[in-house]
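Please read the structure below before turning to the comments.
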Amino acid sequence: MPIRIDSRNADFVPRFKAFLATKREVSADIEAATRAIVDDVAARGDAALIEATCKFDRLSVDAAGLRFTAAEIDAAVAACDAATLDALKLARDRIETFHRRQLPKDDRFIDALGVELGSRWTAIEAVGLYVPGGSAAYPSSVLMNAVPAMVAGVARVVMVVPSPAGRINPLVLAAARLGGVSEIYRVGGAQAVAALAYGTATIAPVAKIVGPGNAYVAAAKRQVFGKVGIDMIAGPSEVLVIADQTGNAGWIAADLLAQAEHDANAQSILITDSEALAADVERAVETQLATLPRAGIARASWNDFGAVILVTDLDEAVVLADSIAAEHLEIMTADPEGLAARIRNAGAIFLGPHTPEAIGDYVGGSNHVLPTARSARFSSGLGVLDFMKRTSILKCGPDQLRALGPAAMTLGKAEGLDAHARSVGVRLN
């Protein structure tokens, strides 16, 4: 059964703190093994990549076969169900519309001294997109990563996706084409991350790597950070639902299970000021589990990491929600807009009973690549700015240099950097 915490109980604070500290990923120390793979690919390139692909994916391939051909992608698209392709196109179009509104504008102005200042935005030249492989790979995630890069103007988007024993979900290749991916390679794991970061004879290096993966992929992204940029280190998914007595227990239960079926380590949380609703939701979860195809995974998630938190009022719910800083936050109350305005920490907020988080996963338009494990306290979901960089611009004429130069020289000398002061002074003399 999920944990039950009641803010009216004397032990609430320590129990809530323990709940926040719960670790949902238990893995052996894989840093050394990952480092060996990364270093090998950095040193030996294609040879190491091909060996690792044979070992881990049971796929024999040569350098020429690492890249999916246009004919293979055409065949994959042709194999896809027409209705599913139409749904992917709808998702692509809505994701593009939402993300185009994030495009920043260059800025240039002249201050009171006549100094010109500004900022210029440019797209990252090349980005790598990691996609988990196998038949369960998610084409929606391809769109969520690729479309913002396309909108940002990234010239080269490279996708890597493992194809264990040669198997791949054709929808993943179809989504890549719809999302504007430039190149697709049948490699995965830490070796694929290393290839993107360091480059091989076949795969040219990129400047940034985005996309989710297993513990080895996460470790590899940590290890190559600095050589390239990365988006985030994603943990198991999570949803928090805040509801009052107006909430529909069956709908809330369905949303909690939609998150729980992702992964046995996923987390579904309900905060409510209604004890009756809490009981109804718990019963509805059990009823719906009985008919869920992925019931084993969902039940493990709900029993091990699920939580029902009772509060005296919604003011308490706001405080707790900010502490949890959930990846997904659904608000099903009489005034969801008013409550949302008071919450600072959440990856994405879904307002009202007719906005299930699953709509955001697929066709809402907002991005479903979101900060997990309380990192919404300091980070945001994936967006256009993750694929762009800002360059500042400064221009002084002779008059402006004369006005600012003496102060710059004073500060340079104060810091013991005489050459700094001199580089200004030679222009003033």
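Residue 1 is the first one shown; counting continues down the chain.
Note that Cβ sites are derived from N, Cα and C of the backbone, with glycine treated the same way.
These features come from Swiss-Prot:
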type	residues	note
BINDING	Tyr130, Gln191, Asn214	NAD(+) binding site
BINDING	Ser237, Gln259, His262, His328, Asp361, Glu415, His420	substrate binding site
BINDING	Gln259, His262, Asp361, His420	Zn(2+) binding site
ACT_SITE	Glu327	active site, proton acceptor
ACT_SITE	His328	active site, proton acceptor
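Distribution of Swiss-Prot features across the structure.
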residue : record                       : Cβ neighbours (10 Å)
Tyr130  : NAD(+) binding site          : 29
Asn214  : NAD(+) binding site          : 14
Ser237  : substrate binding site       : 25
Gln259  : substrate binding site       : 29
His262  : substrate binding site       : 20
Glu327  : active site, proton acceptor : 29
His328  : substrate binding site       : 27
Asp361  : substrate binding site       : 21
Glu415  : substrate binding site       : 10
His420  : substrate binding site       : 15
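Glu327 (active site, proton acceptor) sits 7 Å from Ser237 (substrate binding site), taking the Cα positions as reference.
If you take the Cα of Asn214 (NAD(+) binding site) and the Cα of His420 (substrate binding site), they are about 48 angstrom apart, rounded to a whole number.
Within 10 Å of the C-beta of Gln191 (NAD(+) binding site) we count 29 further C-beta atoms, all protein chains included. In the three-state DSSP classification, Gln191 (NAD(+) binding site) falls within a helix.
For the pair Gln191 (NAD(+) binding site) and Ser237 (substrate binding site), the C-alpha distance works out to 25 angstrom. Following the DSSP three-state reduction, the secondary structure of Tyr130 (NAD(+) binding site) is strand.
Annotation note: Glu327 (active site, proton acceptor) sits in a coil segment as assigned by DSSP.
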